[in-house]
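A quick write-up on the structure given underneath.
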Amino acid sequence: MAVTNTAPAALVREPAGAAGTARRSPATPARRSRKRRDRLAALAFIGPAFVAYGLFIAAPWAHSVWISLFEWDGIGPSTWVGLDNYVKVLTDPELVGALRNGIGLIFFYTVLPIGLGLVLAALFAAAPGRASGWLRTLLFLPQIMPLVAVGVIWRYLYSGDGPVNQVLEVFGLGAVTRAWLGDFDTAFLAVGIVGTWVTTGLCTLLLFTGMQKIDRSLYEAAQLDRCGPVRQFLHVTIPGVRAEIVVATTVTIIAALASFDVIFVTTGGGPGTATIVPGVLIYRLVFTSNQVGLACALATVLSVLIMVIVAVIGRIGKERS
């Protein structure tokens, strides 16, 4: 009798590669088609945004960079000057002073608001309630007000017979009253305080939102380790809102370096050049001095400075996260 040497079906295996290819190949065209459709859908959604960005931001900025290489009054023929405008931006005392003042405003627009915002947000988080909600709303109101209106209000508050001087006189400090926006010694401080008033609410709200996401068990563990409120704030709260601090720092630094409305309405850059900032000086160069090329060079330097600072902040935030 012939013996048939037939292996059990379970022991007969196809080569892994062949089997895998056989199983995958029928689905490959469909998968590729689906991926292609997903890419087209993504392009359809982001395409209009890229087009708008290119037309209204990238193209005007590139055109401004091109104009900065010329001496041009905005009307007549232009003269090629190369990098001379940039040399002037970095050497002219008035232009350098404007950049210095813009950087100085970072203290009032960023450092103070974030410091105050951390304290206020921690207090709001520790004492939730209706009153806390109303106070947060009041703090955020300056952020939604038009900056021109903010400038008009503070110009009145700082005026010679305004509320600030009246309050000082009530407390017997009439000797220190002055025209705060017209004094060389106090004008920059006065407009800086306005910037702090405007941005503190935004920083507080951002940080308060971040504190709501911190795991409560971290505070319980800190209490078990006998950490007091200050140590909990330093070692739990602040690390927990690092991402919000990065966002607040980025937004407020841009606001400081690009400030225009408040200073233009309150002091116009004066007295003298005490409060001159790049935004106001660019306006003067274009509409008063007819130095469009120089104004574009200053605007380009300012935009590059902002991009570098934002990139550094983002890098630091990623390294510490």
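Along the chain as shown, the residues are counted starting at 1.
Glycine too: its Cβ is placed from the backbone N, Cα and C atoms.
All annotation found in TrEMBL is predicted automatically rather than curated by experts.
Note that the structure is a prediction, hence the values are computed from the model and not measured.
Residues annotated as compositional bias 'Low complexity' in TrEMBL: 16-30. Summarising the annotation, TrEMBL assigns domain 'ABC transmembrane type-1' to 99-313. The region 'Disordered' annotation in TrEMBL covers 16-35. Per TrEMBL, the feature transmembrane segment maps to 40-62, 103-126, 138-158, 187-208, 245-265, 292-313.
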Seg_contact(the transmembrane segment (187-208), the transmembrane segment (103-126)) with at least 3 CB pairs under 8 angstroms, min sep 6 = yes
Close approaches to the transmembrane segment (103-126) from elsewhere in its chain (Cβ under 8 angstroms; 6 or more beyond its ends) = 132, 135-136, 139, 188, 191-193, 195-196, 198-200, 202-208, 210-212, 233, 237-238, 241, 245, 248-249, 252-253, 255-257, 259, 277
Residues outside the transmembrane segment (138-158) whose C-beta sits under 8 Å from one of its C-beta atoms, at least 6 past its ends, are 120, 164, 179-181, 190, 194, 197-202, 204-205, 261-266
